[in-house]
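Encoded as structure tokens, the structure appears first; notes follow it.
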Amino acid sequence: MNYSTLIAVASLLTAGTESKKDGYPVEGSCAFPCGYDNAYCDKLCKERKADSGYCYWVNILCYCYGLPDNAAIKGYGRCKPGKK
């Protein structure tokens, strides 16, 4: 099989696919505290176009599965309210 044909077919199969990521959603560089409320986090995550979410009990913060690739998630560092 010709390698260029193989590459063309692989490119067509992956065209239009969205990559998704998991993480703590943020607003103003601060994650959302949840108080152990899974329903709140699931709703919050779905509003941000994620597949689902839950309250991660260790950090008591909402964690989302399947966020769009362009969604902001918590990185390293401190929360800076008001900063986008």
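The backbone N, Cα and C atoms fix where each Cβ goes, glycine too.
Record features (Swiss-Prot):
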- 1-19: signal peptide (SIGNAL)
- 21-80: domain 'LCN-type CS-alpha/beta' (DOMAIN)
- C30-C79: disulfide bond (DISULFID)
- C34-C55: disulfide bond (DISULFID)
- C41-C62: disulfide bond (DISULFID)
- C45-C64: disulfide bond (DISULFID)
- P81: proline amide (MOD_RES)
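A map of Swiss-Prot features onto the structure.
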residue : record         : DSSP class
C30     : disulfide bond : strand
C41     : disulfide bond : helix
C55     : disulfide bond : strand
C62     : disulfide bond : strand
C79     : disulfide bond : coil
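If you take the CA of C30 (disulfide bond) and look 10 A around it, the recorded positions you hit from C55, C62, P81 are P81. For the recorded positions C34, C55, C64, C79, P81, a Cα-Cα cutoff of 10 angstroms around C41 (disulfide bond) retains C34, C55, C64. Within 10 Å of the Cα of C62 (disulfide bond), the following recorded positions from the list C55, C79, P81 place their own Cα: C55.
When the C-alpha distances from P81 (proline amide) to the disulfide-bonded residues C34, C45, C55, C64 are tabulated, the minimum falls on C34. In this structure, the C-alpha atom of C45 (disulfide bond) lies 12 angstrom from that of C34 (disulfide bond).
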